[in-house]
Each structure stands twice: as structure tokens, then as C-alpha cells.
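Student: Have a look at this one.
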Amino acid sequence: MNGKKKDGRQRPHFVAENNVEMPKDTKKNLDQSSKQIFLMNTDTICLVLAGLFTHLVFFYSIFDIYFTSPLVHGMTPHVSPLKPAANRLVLFSADGLRADKFFGLDENGQSRAPFLRDIIHTHGAWGVSHTRVPTESRPGHVALIAGFYEDVSAVAKGWKENPVEFDSVFNQSRNTWSWGSPDILPMFAKGASGDHVFTEMYTSDEEDFAASHASDLDTWVFDKVKAFFEGAKSDRDLYEKLQKDKIVFFLHLLGIDTNGHSHKPHSEVYLKNIELVDTGIKEMVKLFDDFYDRDGKTTYIMSSDHGMTNWGSHGAGNPHETLTPVVAWGAGIRGPQESSNQDIYPDSYSQEWKLQDIKRTDLNQILDRKLKFLVKISVFETTRGTLPLSFLNSSDFEKAESIFANAQQILEQYQVKMDQKKSTTLSVAFRPFSKLLPSIQKDRIRNIRNLISSGQYQLAITESQTLIELGLEGLNYYHGYDRFFLGLSIVSGFVGWMIYTLTLVVRDHSGLVNVMTKLEKLSQPIWLQEKPIKLVFAIVGLAVIVLLTVQSLPLTNYMYCLIPVVLWMFVALRNWLEILGQTNQIRPKLTTPCPMLTTPCPMLTNPCPMLMTRSFEKTVVMGFFKRELLSVGLIMIAVWPLITAKNIWKDKVTAAAPVVGSYIFDILGCKSVDRHRQFNIIQVIVIGLATNNVWTVSSSIARSQGLPFINRLTSYVILVFSMISPFLGGTSVTHRLFTITLALFPPYLLLSISYEDLFFVTLTAVLYFWMKLEINLNDKKVSLEDCDFVASSKNQQHRSINTEDIRRAFYYIFFILVAFFGTGNIASINSFEPASVYCFVTKFDPFMMGSLMMLKNVLPFVLVSCVFHAIHVLTAIPTKALFLIVLIMSDFMALNFFFLVRDYGSWLEIGTSISHYVIVMCMIIFLMVLFVLSHALTTVSVLPRIKHSKE
């Protein structure tokens with residue numbers, strides 16, 4: 001054939017460098033080219049770093065604006081002057097317990113918790129506790145014990161340390177004894193003043209999701225409490241401590257949560273664990289009553305930090321996650337009351353649970369106010385809770401005095417918060433909360449005192465509750481006082497960055513704009529010249545610094561305000577003046593056809609491509625709310641080639657499957673096998689080994705034998721091998737992409753539990769067809785089999801961008817989102833399925849489990865980015881221009897979600913709006929990392945490279 005293909009094009013063949021001598025100058029040039037490809041040029045690196053820093057600041061801003069700590073310190077504690085109802089409090093926290101599984105009856109009409117069911121009917125009060133997102137153990141227990149909803153950002157700051165200083169029931173008690181998990185107890189003991197909070201915990205190794213009896217964790221707690229009281233009988237000092245007042249006992253029961261993760265809440269194991277907890281609580285109540293001679297001074301409360309979905313996860317706002325049971329009885333707690341028409345809730349839960357005849361009292365998760373009232377603990381300064389009067393067995397006078405003390409404590413926090421904000425705001429610009437001015441506070445407090453003195457207790461209670469609501473509203477007002485100003489700065493920065501990058505693309509890569517000479521710049525009016533512009537922005541920046549310094553605002557505010565100033569200065573200096581000055585020269589040149597239509601569409605004079613891209617972006621944005629729209633996008637992408645004006649099927653894209661099949665047979669030995677083909681065979685063997693490992697681990701866990709050491713070792717060996725294997729193959733496009741695919745599949749397989757593997761395979765096929773499609777659409781025809789990442793990039797000629805490049809950038813973003821939402825996302829890390837990591841770890845380890853789940857979500861990203869880099873090489877798109885186009889599109893999406901962020905409505909709506917912004921910003925930042933990573937994965941090779949030579 002003389003080195004030529006049937007179509008007449010020259011086809012080079014591959015020759016190993018160690019077999020054929022390469023001229024020194026050629027080898028030197030190739031190595032320099034490879035190094036340049038990996039590191040890219042200096043301008044691109046600077047642009048990536050600048051974009052990374054800017055977007056990191058934008059990303060962090062959302063936490064600074066919405067998730068700063070709401071707590072204030074320095075208030076005077078208030079306590080009700082009344083005699084306490086109880087000397088001691090026993091708090092049971094059944095981690096992961098769903099309300100419906102606890103209150104509901106089994107198929108025989110019997111309760112799964114007969115003892116507590118009897119308490120509801122004969123001794124105590126019951127209701128549903130409504131938690132807030134994130135439905136995790138840490139914020140749930142902080143709400144129960146410390147009296148406020150912890151910042152969402154605090155979840156990421158540590159499981160066992162206090163991210164913010166807060167007071168708690170434990171800290172204000174005389175003594176607290178607690179038993180349970182090492183992930184919960186230390187965060188309350190560490191922050192306590194003195195040495196009066198005692199903990200006894202099992203080890204983290206005992207929190208094994210693959211264990212056959214996770215309920216043993218609860219049995220361990222009950223046994224330790226029994227041993228504790230048995231030891232107190234012979235320990236005089238301990239016995240004397242236990243006889244004093246203001247004592248708290250906390251039993252954290254983790255077995256239900258662990259079994260829910262492992263076996264799901266509908267399983268027999270989960271339901272049996274509820275029965276075990278009920279029996280254990282019955283034994284504990286008898287133990288306490290016997291030890292204290294049934295003195296009637298003990299209060300019991302049973303609740304949960306969060307629920308759990310049907311598939312065994314928690315973290316989001318599903319009702320199964322946010323609805324938890326609460327049962328209270330003992331000293332100071334009212335007995336069961338008959339339900340009235342006023343007590344009917346809009347849901348049908350009471351009827352489903354056969355409890356419609358007994359008064360139900362729902363409450364927010366914050367129970368600290370009730371706990372403090374019952375044992376006469378000072379109202380600690382960080383509480384945001386409201387006393388649940390309907391649970392208490394108290395007179396109207398006692399309720400009025402207690403709720404008034406509650407209101408005074410909230411007002412103390414309000415006053416401190418207002419003083420703090422006033423001290424950091426210019427006096428002429430300060431806007432006080434109009435509903436609760438100092439004069440209004442005094443009048444309301446005086447009125448409540450008069451009402452209590454005159455015996456109008458119900459009216460005093462109503463006025464106190466209104467005052468609490470105003471105080472909390474005022475706290476939220478001052479907490480979000482600077483949000484509009486900071487939000488305006490971030491929006492200005494976003495717009496400045498997008499205009500800067502857009503003008504860079506048009507100026508440097510459109511081929512339509514000529515850079516102005518120095519003489520042309522000097523001929524501009526003085527207000528358009530470089531020095532005056534710098535002077536103006538320098539004055540603006542100095543004014544911003546002075547204003548921020550005078551108000552003693554934090555350092556982050558300087559970045560939020562100065563970054564827009566710098567960005568707009570660069571826009572004014574280097575881009576828009578040059579483009580604006582050449583507008584008349586640009587218009588006659590704009591005749592680029594629009595590939596999305598059958599008729600020519602100029603790039604700027606006709607807005608069709610941009611409008612279509614924006615409409616696609618809107619579809620993608622809506623896809624965050626309705627995932628089905630992503631399927632519509634895939635259908636549109638599939639149909640578009642059929643209706644395009646270009647005859648892209650002349651090279652038979654549909655023949656791709658046989659090509660892939662022949663390539664697989666090739667590597668398996670049906671044809672001549674070279675060194676790289678042999679390496680691919682090893683990768684296929686590794687996939688088989690991973691498959692066997694998943695099956696073995698699943699069988700072992702099903703038999704309740706845990707994770708065998710050999711399987712864990714095999715999983716980590718496969719993971720390490722997969723991470724380095726892409727760098728051991730050749731750099732031809734087909735072979736390197738095939739090597740990367742085979743390298744990413746084994747770890748994805750090990751982290752999958754269901755259909756995810758099919759998604760990865762399907763995504764690979766779709767990306768291959770996309771690459772073939774782009775090759776056929778490209779005006780300059782290339783052969784995929786002949787292309788090499790290094791050699792093709794070396795010989796790549798500079799060209800201007802066109803509307804097809806905009807489509808390619810959009811496809812890239814779209815496939816990134818498809819990969820992200822395909823089988824999991826950030827929520828699947830927070831609200832995860834432990835079975836996904838069983839091949840690596842079964843014992844509770846938040847950092848390791850979160851890292852493995854993050855890796856699983858990242859792997860499809862890497863595959864999409866590598867295919868996109870191949871398209872970039874095959875179509876000769878300017879690297880910098882492509883990067884900028886992707887950034888502009890992503891920033892448009894981020895700005896959409898920034899405007900959709902809300903701090904009102906349900907907590908599910910608030911959390912969802914913020915998570916969408918965080919997801920897009922993480923995607924933008926990660927795309928910058930992938931931009932560099934894809935270059936490394938496709939161009940770096942540890943083994944000797946393959947060179948192209950003609951026969």
C-alpha cells in the first residue's frame with residue numbers, strides 16, 4: 001500500500017523509539033513540545049491561576065454571606081425564679097430513628113415499642129420533632145442539647161471538635177454523665193467549662209456497617225449504665241454527686257442508625273433494633289427509679305437527631321429524614337390528654353399510627369429550653385429555643401414566668417447583636433430594626449410585667465411569645481445586615497470576570513480584531529488612555545479600603561470589594577477600548593456560518609448562536625430542579641446530527657461499534673499484539689479481578705462475615721494500579737483514551753452497588769460517538785487512528801474560533817453535568833449509601849468514606865475531560881480560547897444560581913438553593929483542575945513514546 005490509505009491520505013505507522021534511532025534534534029523538539037503541552041504557556045497558566053483564585057473567593061463568599069456563625073456572646077443569663085420540677089434529666093437519643101417506624105404498628109397491629117407506647121397512653125406526652133437540614137448527627141444533637149441550629153458550614157469543619165463556641169445543657173448542669181459514640185460525645189465534653197461532663201465511649205472500630213449485630217452498640221450503652229450505678233453503690237463520692245440537683249444523664253444509641261445504613265429502615269434488623277431500644281429504655285427507667293427510690297424528681301425524654309430515607313441515607317430534607325419521634329414523661333411533664341379539634345394537624349400521621357385520640361404536640365428540634373426549665377438550669381447565652389409550654393405540667397403563673405425569662409434571654413442576644421453591627425457600620429448609614437427599637441423593647445417588657453402582676457397569665461404568655469418572635473426576627477435581620485452589599489460586590493465581580501474573558505476571546509482568538517498600536521492609543525481622548533484609567537480605579541480602590549477600614553470589617557470583605565475593581569480596570573485597560581474602536585471594521589468580516597442551523601448565521605451581527613447557547617444553558621439550569629430535562633438535552637443532541645445541513649454520515653459514524661469491537665479483539669490477541677496492546681490485556685484482567693472482588697465482598701457481608709483482609713488489600717492495590725496505569729500507555733489518541741477508560745473502570749466498579757457500572761459504560765460509548773461526530777464536522781479531515789496527542793499538538797496550527805467551538809464547549813459542560821447527576825452527586829456524599837465503600841472500609845470513618853465517594857463522582861469527570869481534550873487536539877481549537885469559552889458559560893450558570901439563593905421559606909428550599917450554587921462553583925473550580933489534569937493524563941508517558949514515521 002506504500003504507506004497510503006484507501007482515501008489517498010498518508011498514514012504514518014508507529015515505530016518504537018528504542019527500536020529505531022531518532023535524530024537528536026527531532027527528539028529534542030519532541031521532548032520540548034511534550035513539556036510545553038503539559039505545562040502549557042505562561043499566559044494560560046497565569047489565566048488559570050487568576051481564574052482559580054477569583055472563583056475560590058466567589059465560592060467562599062456564599063458561606064461568608066449566609067453561613068457565618070449566628071451566635072453571640074457576652075449576655076447576662078436569665079433563669080426563672082420558680083422551683084425546679086426535677087432534680088435530674090435522662091435524655092435518650094435514638095440516632096437515625098424515623099417517626100413512622102417508631103409510632104407505627106406492625107402487620108399484626110402491635111407496637112414495635114410497647115413500653116414507650118404505654119407511656120404515651122398512661123404517663124406522658126408525645127409528638128413529632130421537626131428537624132432541619134442537614135439531617136446529620138452533629139447539627140441534630142447540637143439543636144437538641146445546645147439550643148440552636150448549627151451552621152451548615154460547621155458540618156465540614158469536624159465531627160469531633162467544636163467549630164464554633166457554644167453553650168449547652170451539659171455545660172450548665174452541675175454534672176453530666178454520657179455514654180455512646182465517640183463521634184458525638186466529645187464535642188459537648190470538650191467545650192464544657194470545668195470537669196463536670198463525663199463520657200464513656202466505645203471505639204470507632206466497633207462502628208462497623210458490615211457487622212452482623214450493630215445493635216450491640218446500644219446493648220453496650222445499657223450495660224455500661226447498669227455497671228455505673230452498680231459501682232456508685234460502693235463509691236461514696238460518686239454516690240453523693242448523684243444525689244445532687246441539676247444532673248443530666250445522656251444515652252446516645254447508635255445501633256438503629258448503623259442498621260438503617262446497612263440494612264435499610266424497612267428491614268427486620270432495623271425494626272428489631274427499635275424493639276431492643278424500647279426494652280433497654282424500660283430497663284433504664286426501672287434502674288433510675290430504683291436508685292432514687294422513686295422520688296418523682298426524674299424527667300425522661302426520648303427523641304432522635306434525624307430520620308432516614310427508605311434507601312438508608314440521611315442528610316437532605318426528605319420527610320422521612322426530618323420527622324423524628326419525641327416522648328416525654330416524669331417530673332414536670334403533663335400526662336396524656338384527649339385530642340381536640342384544635343389539635344388536628346394537616347397530615348394524617350396520627351390516624352395512621354392509631355394515636356388520633358391522644359393529644360399530639362409537635363415541636364421544633366430545639367429541646368434545650370424544656371430541659372433547662374425542668375432542672376432549673378440557667379438559660380444559657382447561645383440558646384435560640386422557645387419553651388414548649390404544651391409539654392409541661394405547670395400552672396399558668398409558672399408558664400408565664402418561664403416564657404418571660406425565655407423572652408428576656410432572646411432580647412439579650414438581640415441587643416448584643418445590634419451593638420456589634422452598629423460598631424462596624426458608619427453611623428450615618430446604620431439602619432436599625434424598626435420593629436424592635438429600644439423604646440419598643442422597654443414598653444413591651446413593662447407591659448408583660450404588669451400583666452403577670454395583675455394575674456393575666458395567658459395574655460402575658462402571648463405577649464412574651466410575640467416578643468420572642470420579634471427578637472428572633474431582629475437577630476436574623478442583623479445577622480444578614482450586610483448581605484445586599486456583599487451580594488452586589490460578588491455580582492459585580494462575576495460580570496466583570498465574564499466581560500474580561502469574553503473580550504479576551506474576541507480580541508485574541510476571533511481573528512476579527514487587530515491590536516491597537518501605541519500611536520493609535522495615544523490618539524484616543526485622554527479619558528480613554530491608560531494612565532487616567534489607572535488613576536480613576538486607584539482612587540476607587542483607595543476609597544473602598546478606607547471605608548472598610550473605618551468600619552473594621554473582616555479581611556474577606558476587602559477581597560469581595562476590591563476584586564471587582566481590579567477586574568473592571570483590566571476590562572477598561574486592555575479589552576473593550578480596542579474592540580470598541582474597531583467595531584466598524586469587524587462587521588463586514590462576520591460571515592461565520594452557524595452549525596446549529598441550515599442557513600448561515602453571522603457570529604455577532606446575528607445573535608442566533610448566542611441565543612441558542614443561552615437557551616441550552618437555561619435548560620441545563622432548570623435541569624438542577626428537574627433532572628428529566630437533562631434527558632431532553634440528550635435527546636436533542638442525538639437528533640441534531642440527523643437534521644444538520646452537513647453530511648456528517650459519509651464516513652459512517654454508525655460503524656464505530658464494529659471499530660471498537662475490532663480494537664478489543666485486537667488487544668485480546670486476534671491480531672498482532674505490541675507492547676501497549678499487552679498492557680491493555682493486563683487492564684482487562686484487572687477489571688475481571690475487580691468484578692470478582694465485588695462479588696466476594698458482597699457474599700462475605702451477606703453471610704455477616706465482614707470485609708476480609710485480602711479483599712480490602714486487593715481493592716487498594718487495584719485503586720493504586722488504576723491511578724498510575726494511564727501513564728504507562730502510548731500517546732496515540734485511540735490507545736490513550738482506551739487505556740484511560742480501562743483505568744477508570746475498576747475503581748468505579750469497586751465503588752458501585754447497582755446499575756452505576758452500566759452508566760459508566762454508556763457514558764463511554766456516548767463520548768466516543770461525540771468525538772467521531774466532531775471529527776466528521778471538522779472542515780479539516782483527520783484520521784482518528786493516525787492522531788497522537790503529543791505529535792498532533794506539536795504540529796497544530798493556530799486558528800480562530802467559530803460557532804462550532806461554542807457548541808463544543810457547551811457539549812462539554814452538558815456532559816460534565818450528565819456525569820455529575822448520572823448516578824450520584826454532592827448529596828450522595830453527604831447522604832450516602834455505605835455499601836458503596838464496602839470493598840474498602842466498613843467501619844465508620846467519615847473522612848475515608850467521604851473521600852472514596854468523592855472519587856467515585858470524579859471519575860466520570862476525568863473521562864469526559866480527556867475525551868474533550870482529544871476533540872481539542874483533533875479539531876485544533878486554541879487551548880486558551882476553549883478554556884475561556886467554557887468558563888464564560890459556567891459563570892453564566894453560577895450567576896443564575898447566585899440570584900436564586902434564598903434565606904427564607906422552608907429549610908429544604910434554602911438548602912437546595914445554596915447547594916445548587918455550591919455545586920456549580922465547585923464544578924467551575926474543578927474544571928480548571930481537570931483542564932490541567934486532562935493534559936497530563938493524555939500526554940505524559942513513563943514508557944518510551946511512539947513516534948510517527950512514514951514507511
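Heads up, the Cβ atoms here are built off N, Cα and C, so glycines get one too.
Not my notes, these are from TrEMBL:
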- 37-63: transmembrane segment (TRANSMEM)
- 473-652: domain 'GPI ethanolamine phosphate transferase 1 C-terminal' (DOMAIN)
- 484-506: transmembrane segment (TRANSMEM)
- 533-551: transmembrane segment (TRANSMEM)
- 557-577: transmembrane segment (TRANSMEM)
- 624-643: transmembrane segment (TRANSMEM)
- 674-906: domain 'GPI ethanolamine phosphate transferase 1 C-terminal' (DOMAIN)
- 681-702: transmembrane segment (TRANSMEM)
- 709-728: transmembrane segment (TRANSMEM)
- 748-771: transmembrane segment (TRANSMEM)
- 809-832: transmembrane segment (TRANSMEM)
- 852-874: transmembrane segment (TRANSMEM)
- 881-902: transmembrane segment (TRANSMEM)
- 914-943: transmembrane segment (TRANSMEM)
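What's the neighbourhood like for these features in this structure?
Tutor: Here the transmembrane segment (533-551) has Cβ contacts under 8 Å with residues 424-426, 557-558, 561-562, 565-566, 568-569, 572-573 of the same chain, all six or more residues outside its ends.
Confidence for the domain 'GPI ethanolamine phosphate transferase 1 C-terminal' (674-906), expressed as mean pLDDT, is 80.
Long-range Cβ contacts of the transmembrane segment (748-771) within its own chain (Cβ-Cβ under 8 Å, at least 6 residues beyond either end) map to 634, 653, 656, 660, 687, 690-691, 693-694, 715, 718-719, 741, 784, 811, 815, 818-819, 822-824, 833, 835-837, 839-840, 852-853, 855-856, 859-860, 863-864, 867, 870-871, 874.
For the transmembrane segment (852-874), the residues of the chain that approach it from at least six positions outside its boundaries are 733, 736-737, 740-741, 744, 747-748, 751-752, 756, 760, 763-764, 767-768, 770-771, 774-775, 778, 782, 784, 787, 789, 792-793, 796, 808, 812, 815-816, 819-820, 822, 824-826, 828-829, 832, 836-837, 840-841, 882, 926-927, 930-931, 933-935, 937-938, judged by C-beta separation under 8 angstroms.
Here the transmembrane segment (881-902) has Cβ contacts under 8 Å with residues 44, 47-48, 51, 58, 62, 66, 487, 490-491, 494-495, 497-498, 501-502, 504-505, 508-509, 613-614, 617-618, 620-621, 624, 801, 805-806, 808-810, 812-813, 872, 909-910, 913-914, 916-917, 920-921, 923-924, 927, 931 of the same chain, all six or more residues outside its ends.
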Student: Can you work out which residues elsewhere in the same chain, 6+ from the ends of the transmembrane segment (37-63), have a Cβ less than 8 Å from its Cβ atoms?
Tutor: 153, 486, 490, 493-494, 497, 501, 556, 559-560, 563, 567, 789-790, 793-794, 879-880, 883-884, 887, 894, 898, 901, 914, 917-918, 921-922, 924-925, 928, 931-932, 935-936, 939-940
